[in-house]
Amino acid sequence: MISSETKHMQNYINGKWVDAKSGKQEVIPNPATGETIATVTISDVEDVDMAVAAAKEVFPEWSDIPVPNRTRYLLDYWKLLQDNKEELAKIITLENGKSLRDAQGEVQRGIEVVELATSTPSMMMGDALPSIAKGIDGSIWRYPLGVVAGITPFNFPMMVPLWMFPLAIACGNTFVLKTSERTPILAERLVELFYEAGFPKGVLNLVHGGKEVVNRFLTHPDIEAVSFVGSEPVAKHVYQTGTAHGKRVQALAGAKNHAVVMPDCDVEKTIQGVLGAAFGSSGERCMACSVVAVVDDIADEFLEKLVKETKKLRVGDGMDDSNFIGPVIRESHKERVLSYIDSGVDEGAHLLVDGRKIKEETPDGYYVGATIFDHVTQDMKIWQDEIFAPVLSVVRVSDLEEGIRVTNQSKFANGAVIYTNSGKSAQQFRNRIDAGMIGVNVNVPAPMAFFSFAGNKASFYGDLGTNGKDGVQFYTRKKVVTERWF
C-alpha cells in the first residue's frame, strides 16, 4: 500500500536492503505538489561492486536450473504483478506525475513483457543440421552471458525495467539494475514482488545512483552486457564506453517522432490520435508525437479543430481522472521546457496554444500545459531537439513527398506515423521512412512485446533491440557445435 509517510529507498544487494556506503541521498518530490515523498540512497563504485559480486556468485547455480523451471518463477511473478496492478499504477503517478490512466496502461504493457519472457524456452531453441559431412552433425546452442546490467529512465519506471531483467534472467543471466533515481519507489516494489515469487537471492540486485553507477557498469570486468534507455548524449556515451570495454550494449536513445497527416485521413480520429500521442504522459516518452507534418490542403481545417480540442485538455494532478496532462518530472525540467517555448516564439513560429498560461491548482507542482506551434521550420530548435514535454510543432508540407523528406531530415528515427486512407501512400511511407517503428493510423507505434523495440540513426546505438527474438539474442551467446562419433 502507498503510505503518506516519507519513505527511504535503499539498494537491494544479495537479498538485503542496504544504504549506499557513501551515505549520500537525494530527496524525491511528488511532481504534482512539490512535496517530499521519499529519500533515496545514492550509490558509488563500491556499491556496484558488491551488487555485481552477488550476481556473479549466484550465476552458476541459476544458469544451471533448466530453462522451463526458470520461467516458472516468472509465472508466479506475473501473477503477483497482476494482483498489484492498481497499487503499482498509483505509485507511478505519485512519483512520476503521469495521469493514472497512462500509468495503468504502462503497468499493463509491463506485465505483457513478463508474459513474453515466460516463453523463453521456445525462443532460446537453437538450430541443427544432420549430416553436414559424412557422419558429422552441426548444431547451434544458446547460453546465458553471465552478469548483465540495465539502466532505465524515469518516464516508464515499470515497463522499461521489465523489458530487461525478466527476459535476461529467464535466459539464465543474473542482473544488476539501476533505475532512475527520480523514481525509486516503483523500483523497490518491483524487486519486492520479484522475490515474493521465490527467486534465489542475488539473481536480481538494485542499485540507485547517477553517473558513477553508470560508468562503473560500463567498465566493470564482470559485467558482460548493458541495456540502456535514456537521452541521446548518454546513450552514445554508454555505447562507446561499454563496447570499448568489450561489452555487448544496446542503447535506446532520444526521439523526434513525426506524424504525416494526409488530406484523405479521417480528420476526427486523427485529431484524437494526435492529442494522445503528443500530450499523453505529459509528452515525456520516447514515442511521443512531437512534430506533425500536415499537407497544405487540409492544414487550416485540421489545425482549427486540433486547437479547439487541445484547449479542452485539463492539466493537474494525475490522480484526478478528469486531468489529461499531469506535471513534468522536476522543476528544472519545467524551466527547460519553458525555455524551449520561449525559443520557438523568438525564432518566429506561430504559437497557437500556450502551455505557459495555465491555472495551477497546486502552484508548487511542475506543470506545463499543452503547447502547439504552427509554421515551424527545420532550422528551429523546437523542431531539432527532443523537448520531452507536451509541446507539438506543426510543419506545413505540400504533399507526401515533402512530408517524408521533412521526417527523414531529423537526426532521430525512433517512430513515425502516417494518417491516411490510401494504401499506396501508406506503403510508400513505410518503405521510405528511416524510423525503426512505423505506424499507419496507429497513434503511438510502440510494438507489442513479441516484436523488437528499437529506432534508427541517433535514436539507437547497437544492433539488437529490446523484446522479442532480439532480446533473447542480446542476452545469450551462440555456440556452434560440429560433432562426430566413432
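Note: Cβ is positioned from N, Cα and C throughout, glycine not excepted.
Features as listed in Swiss-Prot:
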BINDING   F154, K178, E181, R182, S231, E386  NAD(+) binding site
ACT_SITE  C286  active site, nucleophile
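Where Swiss-Prot records a feature, it is marked here on the structure.
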| residue | record | contacts (Cβ under 8 Å, 6+ apart) |
| --- | --- | --- |
| F154 | NAD(+) binding site | N96, S180, R182, T183, E284, I329 |
| K178 | NAD(+) binding site | A149, G150, I151, T152, L206, V207, H208, G209, V213, V214, F217 |
| E181 | NAD(+) binding site | E26, V40, I42, H208, G209, G210 |
| S231 | NAD(+) binding site | A253, G254, E386 |
| C286 | active site, nucleophile | N155, V229, L252, A253, G254, A255, N414, G455, S459 |
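The maximal spread of the NAD(+) binding site, taken as the longest Cα to Cα distance among F154, K178, E181, R182, S231, E386, is 23 Å.
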